[in-house]
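I have placed the structure first, in the form of structure tokens, so that the comments after it can refer back to it.
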Amino acid sequence: MTEVKREKFGEWPLGGGTVEKILLKSSTVKVEIISLGCIITALETKDKDGKFSDIVLGFDHLEGYTNKHPYFGAVVGRVANRIARGKFTVEGVEYQLAINNGPNSLHGGKKGFDKAIWEPEVLPDGVRFFRVSPDGEEGYPGELKVWVMYTLKDGELTISYRAQSSKTTPVNLTNHAYFNLAGQGSPNIYDHEFTIQADSYLPVDETQIPTGEIASVQDTGFDLRKPVEFGKHLQKFQLGGFDHNFCLKQTKETCFCARAHHPPSGRMIEVYTTQPGIQFYTGNFLDGTLKGKGGCVYPKHSGFCLETQNWPNAVNQPNFPDSLLHPGEEYKTTTCFKFSVA
């Protein structure tokens, strides 16, 4: 049985509306999600001694989320990840988006889906959020209706995304939760073990845009097909961290793609998705300047993201999976996080 509760989280400044919080609770997992950006503000799971800890980075109060932050817990869109130079052409028309990440457009632009207040509808085992992204919002074509549904069943949190557009537009939606399985506020993730079920990855240029090459992980630091301990792995391959798309089997079914395990606590996350890619990001740009929950600071490598997605800049790369949604079609993807102890 999942318990679902709805309460007020705060007021958006200058009369921007009420932000609500939805609490989902099973016997092993507790999740809090707010109507601003469909943000997961807290996620508690048990360790091997049965003790609950919050394993996502974030803030105690709404103010933290209304100020600039690195997309903690948020649904990002209309297009997650980077679009080169913020430009793309659809049906002969060139579109220019806001540039907000070096020379590129990132996570939907200056006011992406993470900064919008969504309409929540409480379900027996979760919540469905809805919003309409107007035609031209952040430079994107077409009015886009978007639904994001979170459901909790025992130890499984499933996020389902749906969208319909009035014009042909790129769409790529994901959740940007930062996890630390030792508990949020723990100084780093070096003792975590990571596995990603991918034979290839996308090398990137100096602005983090994929070069277009689909490279084999074999004999590289990107081969995570068997578990690696993060800290030792970085040293072995002289890496500064990961911020890369790993290429998954392309299938309509929900398939296993990644696992994170924290041996000292026993906590484990397994990720299943219908998406063709997963961005593995290890908090390389966290720098300890933000005050998080309980006054914690979040230094470099103190959290990781497993963002299931289409491949970055796919709209400009004909050999990448198609990212365009046409009128009359439905965008539909599902990602499931299974929390357990091992």
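For all residues, glycine too, the Cβ spot is worked out from N, Cα and C.
In TrEMBL, annotation is done automatically, which means it is predicted and not curated.
Feature annotations, courtesy of TrEMBL:
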{"type": "BINDING", "residues": "N81, R82, H176, A177, Y178, D243", "note": "beta-D-galactose binding site"}
{"type": "ACT_SITE", "residues": "H176", "note": "active site, proton donor"}
{"type": "ACT_SITE", "residues": "E307", "note": "active site, proton acceptor"}
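Of all the recorded positions listed (D243, E307), D243 has the fewest other CB atoms within 10 A of its CB.
The Cβ of Y178 (beta-D-galactose binding site) has V56, L57, G58, P70, F72, G73, G283, L286, Y298, G303, F304, C305 as same-chain neighbours under 8 Å, each 6 or more residues away in sequence. Cα to Cα, E307 (active site, proton acceptor) and N81 (beta-D-galactose binding site) are separated by 9 Å. Cβ neighbours of H176 (beta-D-galactose binding site) (same chain, under 8 Å, six or more residues apart in sequence): P70, Y71, F72, G73, A74, V75, V76, A80, H107, D114, C305, E307.
Maximum intra-site Cα distance, beta-D-galactose binding residues N81, R82, H176, A177, Y178, D243: 18 Å. Within 10 Å of the C-beta of N81 (beta-D-galactose binding site) we count 28 further C-beta atoms, all protein chains included. Ranked by how many other Cβ atoms sit within 10 Å of their Cβ, the binding-site residues R82, A177 place R82 at the bottom.
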